[in-house]
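Visitor: Dumping the structure here so I can ask a few things about it.
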Amino acid sequence: MILSDRDILKRLEKDDLVIEPLDINCIQPSTVDFHLDRQISVFSNWRVGIIDLAKRLNVAEIVDIGRSGSFIIHPSEFILGSTIEKVKIPSDIAAKVEGKSSLGRLGLMIHATAGYIDPGFRGNITLEISNISRIPIKLYAGMRVCQVAFILMTSSPINLYGSKKLGSKYQGQKGPTASKVWKEFKK
């Protein structure tokens, strides 16, 4: 069951669901709009010829566009962004990140595959942003960039995201966080 604005507000008041900072005007009928942070992780394609998933690799650099700055994402370009908002997801809720319709209609994709947030997650949400149009798109720090829906689960999971047993790689992440898939290959 997806939480309505009324239920989102109740959970925020209860303080088990946390969104910081929260702009009350960003609460929609069944989602909350989140904003683009000022740091962008830009891939440096010239640094490597291939990405080896089993090896730790730095293929990006962080660009700080400032609080009121902008960034142009070119056609077919892929970057990592982050939400200004930090979230704390309670044990009986999962969340789903979706792009904004107005941005999608211009060819801006907000997440490649990682649109799901597990119960127990804490941190900023990393966004996998790509421009699938043929025209450069100018992004602005602080703009509404995605919407998050909160889903009430039928029961709490045995292990929350962040538990030692799961080896959660992104708990507590801040800003656009690079892939840590290489950790899955370590023995």
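The backbone N, Cα and C atoms fix where each Cβ goes, and this holds for glycine too.
According to TrEMBL, the protein has these features:
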type	residues	note
BINDING	LYS100, SER101, SER102, LEU103, GLY104, ARG105, ASP118, THR126, LEU127, GLU128, GLN147, TYR161, LYS169, GLN173	dCTP binding site
SITE	GLY115, TYR116	site 'Important for bifunctional activity'
ACT_SITE	GLU128	active site, proton donor/acceptor
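Could you place these features in context, so I can see how deep they sit and what lies close by?
Guide: Of all the Cβ atoms in the protein chains shown, 18 others lie within 10 Å of the Cβ of ASP118 (dCTP binding site). According to DSSP, ASP118 (dCTP binding site) is assigned to coil rather than to any helix or strand.
The DSSP secondary structure for GLU128 (active site, proton donor/acceptor) is strand.
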Visitor: Near GLU128 (active site, proton donor/acceptor), which binding-site residues out of LYS100, SER102, GLN147 have their CA within 10 Å?
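Guide: Checking Cα-Cα distances against GLU128 (active site, proton donor/acceptor), none of the binding-site residues falls within 10 Å.
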Visitor: Out of GLY104, GLY115, which has the highest number of nearby Cβ atoms, where nearby means within 10 Å of its Cβ, if these are the recorded positions?
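Guide: When each Cβ's neighbours within 10 Å are tallied, GLY115 leads.
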Visitor: Pull out the binding-site residues from the set LYS100, SER102, GLY104 whose C-alpha sits within 10 Å of the C-alpha of GLY115 (site 'Important for bifunctional activity').
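Guide: For GLY115 (site 'Important for bifunctional activity'), the binding-site residues whose Cα atoms are within 10 Å come to none.
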Visitor: Report the member of SER102, GLN147 (the binding-site residues) whose C-beta atom has the most other C-beta atoms within 10 angstroms.
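Guide: Sorting the candidates by Cβ neighbours within 10 Å, the top entry is GLN147.
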Visitor: Would you mind reading off the Cα separation of LYS100 (dCTP binding site) from TYR116 (site 'Important for bifunctional activity'), to the nearest angstrom?
Guide: 16
